[in-house]
Amino acid sequence: MFTLKANELFVKVRPDYEGRMVTLENCLRKLKDIIERIPDREAKPILQAEREQLDSHKVRIPFPQPRPAKDAKYTLAYSKPAEINVVGSYARRTSIVVGGQLGIDLAVTMPSHIFQEKDYLNYRYFYKRAYYLACIASGFEEAQEDEYAIDFAHQNDNHLQPIIIITPIQEGNSKTKDQIRILLAADGDLFPISKTLPNKGCIRSMAGGTSSLGSSSKRPTPYYNASLRSECSSLAYLKYLHASSLQSDGFSDACQLGSVWLRQRGLGREFGPFEWACTVALLMQGGGTKGKPILSRGYDSYQLFKATLQYLSLRDLVSSPLFVHSDDITLVHHDGPMLFDGKRGINILFKLTPWSYATLKHEAGVTIKLLNDPLSDQFDACLITRVDDLLQRFDYVVKMRTRQVPIPTSQMVDALNEETYLCHRVHKAFSTGLGDRIRLLHLETPPILPWDAAAPQESTKALYQVQVGLLLDPENFSRTVDRGPSAEDKVAAAEFRRFWGNKAELRRYKDGTIMESLIWSTSDPTDSVLKQIVAYVVRRHLGEEAVDSIELLGELYDRLLPDRKLGIKERSTSFQPFMSAFESLEKEVRAFEGLPLQIRQISAAHARLRYSSLRIPALDHSPGQMEPASICVQFEGSARWPDDITAVQRTKIAFLLKMGELLEESTNGLIARLGLENCNHKLMNIAFLDIHCPSGAVFRLRIHHERELKLLERVLKDSTQSAASREETASALSTYKRDFIQGPIHTQAIRTLSTRFPLLSPCMRLMKKWRDSHMLSTHLSDELIELLTVRTFVHPYPWSVPGSVMTGFLRTLTFVSKWDWQNEPLIVDFNGEMAGPEIEAINLCFEAWRKIDPAMNRVAIFAASNLDPSGITWTEFGPSKVVASHFTSLAKAACGMVKERGMNLEPEALFVASVADYDFVIHLDPRSTRTDRGEQRHSVFKNLHVQSDQDKSLAGFDPVQLFLGELRAMYGSNILFFRDELGGSLIAGLWNPQTGLRPWKVKLAYSTKPCVRPGDEDSQVTINETATLHDIAKLGGDMVLRIEVKRSSTRQ
């Protein structure tokens, strides 16, 4: 399936070579003619050549930094190129179209006679190269008549390698999407490979020609050397990669897969399509045991693609560098990753920085896990989904700005410019300061934009902007005490204090050890440990000005939760008092001796007992006003239970009465009250026991009798039942399975996962807040929201497991926005053990439902898991197709806002609901609503508050929910109601379009009024909106303040 989809992708991303060839060939031929007509220029001193170039040709020479000395002894010259060739992926026909744009590389080989033997030293080659490039740009400027836009740019942001970008201009002065990049190349034998090996030092003097201080002249310059060697091997690699494509049928397609994969992850700057192709080709040539190839030439494109990713993810090319065709070359190991091509004398990975290589390895590892996950959409997650959005890619993003930092003389080697030097300083400071709190640290700087060849390049910025992406370790990132080296290790302790300064202190621990330590404050909830560390490290190592510019993106999402003052671990432990109250109650119930049957199991079945309720349960609330948490009690099997479903319900009442008596006798202060429910449905559970514990916790206990399942199934199979009775029985059976079977199983699974993933709980709760804020509380069950959030953690691809509330929340919204629930089921594997047959069975069940109910009137969303393969437990009674579509639309709008505003997004904006799309809005008296499910508005009079506490029958009482239930019972599907169960004082409504103009008939389910139009012979009616709204207001009584009509009726 992956290969078939890849073939379809190739059709979309491959350029139309035949269609574009004529236009592009004419353009390339014209550019080649211009270059060949440029006259030679005799050798001149640098100062004279630069002045002549600027005065006579109006093009500045793009010298790299540091600029050449004015009194340099060598000269600059221009002569006709030795060769001009189309190179790169376009020449090999492996290029891809990006946003309709196609790039073509035209390599101009400079003649060898303009260089000297020692030009590989001290930037001399690159200075002469820059002059040669400026001469070509001058030729273009003088020969063309506004046919092209001519710009300078840096090749892959390498300041040593400026290039020319030619963009043809269409009629109307608009640029085409195609670009031609003029690259410079040198003869492969211009400089010996032995002179530019990675362990050689080729920068031996400063820009002015003076000797470097200390031993820096002996230090290797691998980046400088590889940049030079890459110029001498461009044509050699064109031939080498072409030969590789002839040796392996899957090579070219594997290169295109790699190009798409890299682009979707934003990895092209340091490791692009060229490096990918070279890596695949080299691994097909050698690198294995005894020089054998790592990749087989017989692999197809998918196998080559996957095997290359697996190699990149598993092999650490820093500690274990790979040498291919380099038996006669001895290299000293250096800090960066190494994939050395001995024949051409270059390290393919020379552009990779420590952070970009770590990101490459991380992304490759995540993709391999994705390709091995049968439940993930492997193709879309791998090659279609964009993964480079910082807010979803990283758990936290640190934005900072700092002034340019002069490079110390000892560091002025290997062509290190100021921006790169700053990034290395930031990387070292952050990686040392954060340590094991992070799993990945990635740095990004704004790309260097092309500049007009006739204008000077913008000078070095006054302020550098750096964005630091962090993937956190949830177990360690909020740790408040850091243990450093032992006091006995003098060298390590001195280094620790040098880095941390006065923050470091000696502490003696309980085990007797004395260690250097760091203590971070938790007194200010808005000042997290992570923020404290970042601020301290930046202040100490990058300067005070950089501290003032720090923005930590991601923390604001944590503060959106009601318990914003608590950290991640504190939030989990905040549920513990309620959990302990449940455990105490369980012990008391199991200790009963006066019951006729022994208790087999006591199960939790509520969001508060699985760490997912929006509000953390506080036991100091008035027990008469807290919503009870559902629990189920199952007794041991016995033949004494009646064999009639109605009699079973009556027997439960007797058991509950007895249990209430025993509980009140065994625990001082405990109050138990019997309650009735579903009184009009004899097949459903009709009784429960509300238990008010002395601690303040309130539980609603129901009895689970496993025999009910078979009794309901027997009634359902009875052919003598009427259609209405069968429907009632089916509803009772679904309710039974949800409340007594799937509810406890789901609660236990979520509790387990919340322990495994500490951030799952706050992410579920934030998703529920988003749902509630958009008035979808009564349509989307808690369990469905939890399943959607769990999927983000157990099937996180194409990302890794979320390490912050921000990433968990935004990725869940992204999935909802893209999920085609009409044609795809939601499948969640809680324990990672689902096999192919189980997945296939769920898909068959989904297809069966779509055939039975193609209009999706009964089941719109199909949400299955390994615990609930039926897929309808949490969605059979909602949401409807209209609400599901609204849910998806809201998620798309939220994701669009995130993409549009990016780093400037205020998270609160995602939770602002609009009522403009509803037909009418019912405004309720705030005194009748709850501020949350566990707390009701208190009377200002203390005596009334005390009296209300004594009425235990108010447990879980929600007048607005009861009002809403009556409205739905009255109007059914004719009006769709929306409400925020968290305590919002609004109920919004939508008229069903089917209540519009229709022929009159008896027994319509709503109030109507005639609508007569000229020329209509038949009488038509429409819903009487005014009368209906008046009835709603009358039913609500004092609860309804007013009803606002948002959209005028178009039914008349």
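FYI, residue positions are counted from 1 along the chain as it appears here.
Backbone N, Cα and C define each Cβ position, glycine as well.
For reference, TrEMBL has these:
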| type | residues | note |
| --- | --- | --- |
| DOMAIN | 104-244 | domain 'Nrap protein' |
| DOMAIN | 251-385 | domain 'Nrap protein' |
| DOMAIN | 391-542 | domain 'Nrap protein' |
| DOMAIN | 558-755 | domain 'Nrap protein' |
| DOMAIN | 757-911 | domain 'Nrap protein' |
| DOMAIN | 916-1043 | domain 'Nrap protein' |
Inquiry  = Counting a contact as 3 or more Cβ pairs under 8 Å, with residues at least 6 apart in sequence, do the domain 'Nrap protein' (104-244) and the domain 'Nrap protein' (757-911) touch?
reply    = no
Task = Could you put numbers on the helix, strand and coil content of the domain 'Nrap protein' (104-244), residue by residue per DSSP?
result = 54 helix, 31 strand, 56 coil
Remark   = Averaging pLDDT over all residues of the domain 'Nrap protein' (391-542) gives 87
Query = Taking DSSP states H, G and I as helix and E and B as strand, how many residues of the domain 'Nrap protein' (251-385) are helix, strand and coil?
reply = 69 helix, 10 strand, 56 coil
